[in-house]
Amino acid sequence: MEHSSASVPAALPYYVAFSQLLGLTVVAVTGAWLGLYRGGIAWESSLQFNVHPLCMVIGMIFLQGDALLVYRVFRREAKRTTKILHGLLHVFAFIIALVGLVAVFDYHKKKGYADLYSLHSWCGILVFVLYFVQWLVGFSFFLFPGASFSLRSRYRPQHIFFGATIFLFSVGTALLGLKEALLFKLGSKYSTFEPEGVLANVLGLLLVCFGVVVLYILAQADWKRPSQAEEQALSMDFKTLTEGDSPSPQ
């Protein structure tokens, strides 16, 4: 029975592989869109703006999605290692997204454009702040010494819920930004099936598909990482060992 509970569900590897194929395709199509129709990327030129969508797709979509899947993919590895990988992927995603934010604000400043007036920018700042807060709270509960098993168990459902919600919010914000970029450049020509518009629409569909597949994997209760009897909290607060609580699956 123990071997059965620790075995990998038959369909899980295929869904994970499909999610990675979609995620890499999203990044590649984003690069193709920026390269073919927006002139590529550069920091010290008018192409600086293009750093923003590329960084946001890599950080807030692809890497954030992969961070959420860590506990589904690494089912038998030590919980300590899995936690650290989960946290590091979120750190990388945050840093890359921060570069994207700096790029767009710096570009606007150089061009004399207004900041934070569109729905996309409002949603973007909100999701970025929520993402940072989610990481800080998650670090405090699951990696920082001091939190007990019982406290972690009470917070874990909220952490999982808000993690999935922020990811969904990130995908929606990316779609808003994509549409905004197309309308600014193409205007009324967007309705004439311009090649750039068609490619960007395909990118939007790929973003949705990636988000749906990641959330579907997370939603399957029997695909959660099984609890291991030997798993202990990363915290060095030894009094938790006497509280009688045990880790729960994620």
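Glycine too: its Cβ is placed from the backbone N, Cα and C atoms.
Remember, it's a predicted structure, so these values are computed and weren't measured experimentally.
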*asked:* Check for me whether Swiss-Prot puts LEU183 and ARG225 on a single side of the membrane.
replied: no
*Since Swiss-Prot lists HIS52, ASP115, LEU116, TYR117, SER118, HIS120 for heme b 1, which candidate among GLU180, GLU194, GLU196 does it give for that site as well?*
GLU180
*When DSSP states are grouped into helix, strand and coil, how many residues of the topological domain 'Cytoplasmic' (72-83) land in each?*
7 helix, 0 strand, 5 coil
_Can you tell me the CA-to-CA distance separating ARG72 (heme b 2 binding site) and ARG152 (L-ascorbate binding site), as a whole number of Å?_
19
_If you count every Cβ pair below 8 Å, which range out of 16-36, 51-71, 124-144, 158-178, 198-218 shares the most with the transmembrane segment (84-104)?_
51-71
*What is the pLDDT of the topological domain 'Cytoplasmic' (219-250) when averaged and given as a whole number?*
60
